[in-house]
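K.L.:
Let me begin by handing over the structure; questions about it come next.
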């Protein structure tokens, strides 16, 4: 039986093997939208594979079902994880459908690590490729992600797979963003840190010389964040409302980059306030915008354009914008510079 201890009973027989181990005994009508593996029935094995990414069973087609891992970065061999490995479910942990474990980093396979053009980010090339960061705390994981150990020049280095379905920043990197402005040794103010999933990877990227100030308002997520920070000396957790930067001004020094993923209607203002307090002139910002959080009635494109206009008024000069398809719907990432020095 799979990890969660229940087994949704659909109509008809036919035992499908869902990714994360939901045995989905349903036949016929495919796995529910939540992506419990659809049975062997005619249905779309696992209806889009659900963003939870427990891959559809051996059923036909469905965007995440039997027909091979979808578009994502690490899909399983035979009907692997949801829209490409493992969606938010965490790197397709269960063996996807018929195939082997989604991810292809089973022992014995030769995995080579290449540096990504963003310093501190790497690509693991194996049976399937994945985005990885060098683990700051070897031997421990943060949210159940896969770890890969590679031996170079006699020393073992451990990397953690960075899942674009769980992290907006990873989605932006895989989407081809030009700059993330977080080289090793830089100081980053991270607004909307949640449980510390992405924060842990930023901590990997900036490395032992860098610092991540992680601001999160929710006490529930804050507890997880503090637990992540206990092991990672370069994360400073701040459980405070990002709307009131003066409350944590004693904790935060000047930073090189602000990353914001706050999903609030006034997030442009939140970033501007924090930039005025902590961002050095010529420093950069990376903002993840969720259109439906700002105006759920307008077209996403119109929302993004309006936000960019607001930023310009606050001396935040956007330099690039890209949407996060296929990893997130109606999300965009805007990267830019704060108070750029006048051109000579």
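Here the Cβ of each residue, glycine as well, is placed from N, Cα and C on the backbone.
Below are the features listed in Swiss-Prot for this protein:
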- 1-113: region 'Disordered' (REGION)
- 8-107: compositional bias 'Gly residues' (COMPBIAS)
- 9: asymmetric dimethylarginine (MOD_RES)
- 23: asymmetric dimethylarginine (MOD_RES)
- 25: asymmetric dimethylarginine (MOD_RES)
- 40: asymmetric dimethylarginine (MOD_RES)
- 42: asymmetric dimethylarginine (MOD_RES)
- 51: asymmetric dimethylarginine (MOD_RES)
- 63: asymmetric dimethylarginine (MOD_RES)
- 71: asymmetric dimethylarginine (MOD_RES)
- 83: asymmetric dimethylarginine (MOD_RES)
- 88: asymmetric dimethylarginine (MOD_RES)
- 93: asymmetric dimethylarginine (MOD_RES)
- 98: asymmetric dimethylarginine (MOD_RES)
- 197, 198, 216, 217, 241, 242, 261, 262, 263, 264: S-adenosyl-L-methionine binding site (BINDING)
K.L.:
With S-adenosyl-L-methionine as the bound species and 197, 198, 216, 217, 241, 242, 261, 262, 263, 264 as its recorded binding residues, calculate the greatest Cα-Cα distance and give it in Å as a whole number.
P.N.:
19
K.L.:
When a 10 Å sphere is centred on the Cβ of residue 216 (S-adenosyl-L-methionine binding site), how many other Cβ atoms does it contain?
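P.N.:
So the Cβ neighbour count for residue 216 (S-adenosyl-L-methionine binding site) comes to 27.
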K.L.:
Taking the Cβ of residue 263 (S-adenosyl-L-methionine binding site) as reference, which residues of that chain separated by at least 6 in sequence fall under 8 Å from it?
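P.N.:
Result: 192, 290, 293.
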K.L.:
What is the Cβ neighbour count of residue 241 (S-adenosyl-L-methionine binding site) at a 10 Å cut-off, with all protein chains included?
P.N.:
14
K.L.:
Around the Cβ of residue 261 (S-adenosyl-L-methionine binding site), how many other Cβ atoms lie within 10 Å? Please give the count over every shown protein chain.
P.N.:
22
K.L.:
Three-state secondary structure of residue 197 (S-adenosyl-L-methionine binding site) from DSSP?
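P.N.:
Going by the DSSP assignment, residue 197 (S-adenosyl-L-methionine binding site) falls within a helical segment, counted as helix.
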